[in-house]
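Structure, as structure tokens:
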């Protein structure tokens, strides 16, 4: 699978990717702690953006509640670790399983009863909101007061996802790279073609023998599972979880901005979008902080402006526009 | 010749209007079979019943000896019965080649092999030079050809073509007729077509089935059907399908 990808990809794209990866691998040598943490965020948003893009970009299903899977993944792995002493490498399987099961329930409700388009999106929001309110009231996991992971070094090392910024930097980089490769492979696969066909015209896809229900379901399950691993990372990186933060709709929106700005349905879109939006958002916080302004809504306003600019100037996203400028041929990237 | 498709007394009603009124027909393996009739005669509804878009309210449909009425469109396509849409439905943001690959992937699991098979189909329908174009940017005649190519790429045993000649110029019609004849002759493809362009029907069909107000009014070889007084009567008064056009 991977060899085919390498064989069919344009040499220039491979060169570019290799260079980017090499620079990012070496980057921590030159970066301070703060910039490293910004890049960790960039990789995280590239990762979850890629996962969301499987549903929206490939299969045409708009999820506005992807924070649900982040929250479920985070809470399941963190609870197992804090309450039962089960490490994250074992816990992530249950995290993924729970998210996939919930995704299956949403998908089944949506596709079985033909809840399509914006109504499907509303369904995804509803599930995320129910989870947020639900976790606010589950005392065992801390409720609204939050769940905290032990920060002390004695909790273990890498095998418990405990480590310094460098550890999380390389872990996040690995996850973003793996998600990119996985999406490239999926997109070029038989399933990928089916997703695109369903996205373009479900009725015509059905007439070509495609089981639309199964294709859509596969997109939801894979996307939910991947996103929940992003949640596991979130829990062990930040060491604290609040339902009002992880499940919040503002998080769902923040997660989908990178692929929308970069280019929905493209492989580079989520990466490009994360590299542009996250540093800009962080810079904005730093600037308003330095100016002594206490304006909590600044980031939201900034994201709103970015979205409007993209919708007006490059409705397909920045990557397709950039691709034309660079003279990259139309294709699978 | 054995029967490949058997339609027995199917009926479908829309808000009380009997769109298809207990129609029966048999299509033999290897034959080109045309369904004609004035606008609103129920031809496309009959197609949609066969292709699984609707389940018939009465009657049954058998394909290759097995009942298919009530089965889902994708299940019917997997059995080897592919259809085109009267109002073409290409995947607009995918390339012409990718459109055909989607069809070819029905029975072929390997994407590279499907790409090769899709290429063969595109060459046959003279779309190879346009393979890299987005399907949404094609002209209508090309979209009609792509519609046929995509259905053909699924390797069907029977092809249901819903007005693939409509909107084509006479020379383009002749090219499409030649392609279909070639498919029928060299690959033994069974074809059922709905068509208004009588020039194409007369050139292709072994037998013609005529619908009027949802019901069968005639069936037989072209030269017999076109002389049938009821057929001529049903077409009279329709300026664009005057008797002269029936030949």
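Glycine is no exception: its Cβ is also placed from the backbone N, Cα and C atoms.
Note: TrEMBL annotation is automatic and uncurated.
According to TrEMBL, the features are:
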TRANSMEM  A:36-55  transmembrane segment
TRANSMEM  A:67-86  transmembrane segment
TRANSMEM  A:92-111  transmembrane segment
TRANSMEM  A:118-135  transmembrane segment
TRANSMEM  A:167-186  transmembrane segment
TRANSMEM  A:218-236  transmembrane segment
TRANSMEM  A:300-319  transmembrane segment
The transmembrane segment (A:36-55) versus listed stretches A:67-86, A:118-135, A:167-186, A:218-236, A:300-319: most Cβ pairs under 8 Å: A:167-186
Using a Cβ cut-off of under 8 Å, list the residues of the same chain at least 6 residues beyond the transmembrane segment (A:218-236) that approach it. 44, 47-48, 50-52, 54-55, 58-59, 61, 63, 66, 69-78, 81, 88, 91-92, 95-96, 98-100, 102-104, 106-107, 149, 160-162, 168, 171-172, 175, 179, 182, 186, 191, 195, 246
What parts of the chain pack near the transmembrane segment (A:92-111), using Cβ distances under 8 Å and only residues at least 6 beyond its ends? 68-69, 72-74, 76-77, 80, 120, 123-124, 127, 212-213, 216-217, 220-221, 223-225, 227-229, 231-232
